[in-house]
Amino acid sequence: MAGPSLACCLLGLLALTSACYIQNCPLGGKRAVLDLDVRKCLPCGPGGKGRCFGPSICCGDELGCFVGTAEALRCQEENYLPSPCQSGQKPCGSEGRCAAAGICCNPDGCRFDPACDPEATFSQR
């Protein structure tokens, strides 16, 4: 009698765990869910047309980049938000993302990068 009830308890506990069974695995496995939790960084700059790329960096396609200026002050709020954020579409440089035409930014700063220039991309084809 103890054997079947023990087996039922173990099966019940197994069903309640957060294991990734074949039928309910997310695409890319269990750890792929962590990548989906990235939100867009806070808007910043004139008219909120830019996005934060670091604690003192605000960039936008129409604006260019503001580094350490009043336009980038709002970006300091990102330090107090619990979830990670990501700005820019295309990865570039060392852990950076394209911030504006020809500019690649990471949380530490920005630099010119031809990979972020849409006109250069089309002219190379």
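Cβ coordinates come from backbone N, Cα and C, glycine included.
Here Swiss-Prot annotates a disulfide bond for Cys116; of Cys75, Cys85, Cys98, the partner residue is Cys98. Matching Swiss-Prot disulfide entries to the candidates Cys41, Cys58 identifies the partner of Cys44 as Cys58. Within the set Cys41, Cys52, Cys59, the cysteine that Swiss-Prot bonds to Cys85 via a disulfide is Cys41. The disulfide bond recorded by Swiss-Prot for Cys75 reaches one of Cys52, Cys92, Cys104, Cys105; that cysteine is Cys52. Swiss-Prot gives the label glycine amide to one of Gly28, Gly48, Gly109, namely Gly28. Bond annotation: of Cys92, Cys110, only Cys92 is listed by Swiss-Prot as forming a disulfide with Cys104. Rounded to a whole number, the C-alpha distance linking Cys85 (disulfide bond) with Cys59 (disulfide bond) is 14 angstrom. With every protein chain in view, the residue among the disulfide-bonded residues Cys58, Cys75, Cys85, Cys116 whose Cβ has the most Cβ partners within 10 Å turns out to be Cys58.
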